[in-house]
Every structure is written in structure tokens, then in C-alpha cells.
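Report on one structure; see the data block that follows.
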Amino acid sequence: MGPCPARRIERAGGRPLTVSPLPADWADTLPRVRGRLTRDAALGGLTWFRVGGPAEVLFRPADSEDLAQFLAALPAEIPVTVIGVGSNLLVRDGGVPGVVVRMAGPFAAIAVDGITVTAGAGALDLTVAMTAMEAGIAGLEFLSGVPGTVGGALRMNAGAFGGEIKDVTLSAEAVDRQGVSHVLDLAALGFSYRHCAVPEDFIFTRAVLRGQAGDTQAIATRMAEIRSAREASQPLHVRTGGSTFANPEGHKAWELIDRAGCRGLRIGGAQVSEKHCNFLINTGDATAADVEALGEEVRRRVRETSGIELRWEIRRIGIEENKA
């Protein structure tokens, strides 16, 4: 292994984090990396909601080794948060303390071997589905209806249109907070509905998925059906984080929300979608606080009308404005 490169820390010039529980100079002594480190990096533009405060430090690793070495050298008291393309994510207005790791470009590689697809954690689910289609691999079509990346799909056992990531996963690789790499088989992943049992501080780097041999045209037809169904039922061309709440057992979240009279409900610049009321929308001037308050109001009304507690499916990170 060659000498460590110098630290590359850029200053984004964005609004500083509202409150950081960490020492003021902690980011001045970050480990050396081959990727990119950026101070006070705006995160709102990296999420589909287009809201939220900055990352105290944003790290874009060059590869898995760069990530592992960084984590191994990073003091244990520094919190680490992982994001992908921000599709199912709400960043609070106060920003995110510590280091935010963005799993993007270098982790987007996809390789095919027979009916097996190896995909980096930063690969888009749609791109994985299209790659499988082109290779004549059936069974991964549902991924074309899942917004986001493979890493996020693994973390929440994402699914849609009759499929879940657990149905096609053979194994996954991850790096823990100490920088140790792990290979996890299906049992170790511990998938259940919108959940996996892997510790939160593990960062997925890639997955091995398996489908079955299929007809390319039939696969393409199924993906077209999924695309049409999404276009007809979901608000796809607005600022939204996707499905907001997990379906309670035996119920559809959107039906509970509709019965509670929440369709079209607004708080500030946030609105419950008229088209699909399990989607929250930034109408243009929403804050993260608006979106979260609207979600909590929906949960309150559903609880009052049905006695059912909705569970957030959208991941919420960071701190509120002017609060520790």
C-alpha cells in the first residue's frame, strides 16, 4: 500500500450547522482520503424533497477501501450518517452533525454473470432492473418501481409491485463503523417488512442479486406495465420523498390516511398528495419542518380515527433548526 494522500477538505460556503454537539475543531483533523471531503455541504439539493440543512462534513469515498480506511481512523465519537440519492430521505433544517457519507458514483458499478447481478450500493434500482432486462434476467423487474439505490433498498428491504429486495438477494457486503468489511448472507441480513437486521452503523457497499433466465421482451413488457402503473397512481414529477409510511399489517397506509381526511392537507409549503395520499410533497417553499410536521399531523389523525399508529418509512436525519 502506498503513502496516504493529503487530506482534501473543501469549504462549500453554505450555511453552517445550527448546533453541533462536537468540539469546534473536530473537522480540522479528519483522516486522509482519496475521495472528497467538504465542510458545511448543502444537502437539500441532494434529496428529492429539496429541503434541509447542511452536512457538517460530506465525504464522497473513492472506493470501499477509501471508506474503510477513513472509518477506521475516524474518532469513535464522530457520528456517521449514510445517504444515497436522497429519494426516501428527509434532512432536517438544522443540518446533520458529524460526517455524512454519500454513496454515489464509485459505488454505482453493475456486473452480470449468468443470472447473477452484482451491484454497487450506489447503483440506481432502476438501472439494475434495466441491466437485468438487457441480460435476459427475470425477477428483478420490480426494482424499476423502487426509487433510490441498492444500498437504500437493502437497508429497508425495499419493495414494490409484488417484489422485495429480500426475494433476489444472495449476499451483501458492508463496512462497519470501525472500518471492518463484512460479507453478509441472506440469513445475516435478517430481512422483514421494510427492515433489515444489520446494525445501523454498517454501510452497505454492494450486493449480489439473482434472478432467473427470462425473455427480454417479456421482461421489458413487465417493466413498462410497472412504469405505467406508477405514472397513473403516484406523483412522480414533483418534490417528494416517495412512500411516506409503511403499510400496517392488514392495512394500506394510503387508505387509512384518506379515511382520516388528510388528502390534500397542507402545513406551510408541504402537502399531502391529492393523487396518492401516502406521498408528501414540497409544493415549492416547504421547509423540512413543514414536511415533518405534516407527517406527524397525518399520524395523529390516523391514530384518532382508526387507532392505528403509522410508522415512518421515510428516513429522517439531522437536527431541527435552533435545537441541539
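Backbone N, Cα and C atoms are what each Cβ position is placed from, and that goes for glycine too.
As recorded in TrEMBL:
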- 50-214: domain 'FAD-binding PCMH-type' (DOMAIN)
- Arg194: active site (ACT_SITE)
- Ser243: active site, proton donor (ACT_SITE)
- Glu313: active site (ACT_SITE)
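Structural mapping of features recorded in TrEMBL.
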{"residue": "Arg194", "record": "active site", "DSSP class": "coil"}
{"residue": "Ser243", "record": "active site, proton donor", "DSSP class": "strand"}
{"residue": "Glu313", "record": "active site", "DSSP class": "coil"}
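When Cβ atoms from all protein chains are considered, those within 10 Å of Arg194 (active site) total 17, not counting its own. Counted over every protein chain shown, other Cβ atoms within 10 Å are most numerous around Ser243 among the active-site residues Ser243, Glu313.
For the domain 'FAD-binding PCMH-type' (50-214), the predicted model reports an average pLDDT of 97.
Cα spacing between the residue listed as 'active site, proton donor' and Glu313 (active site): 7 Å, rounded to the nearest whole number.
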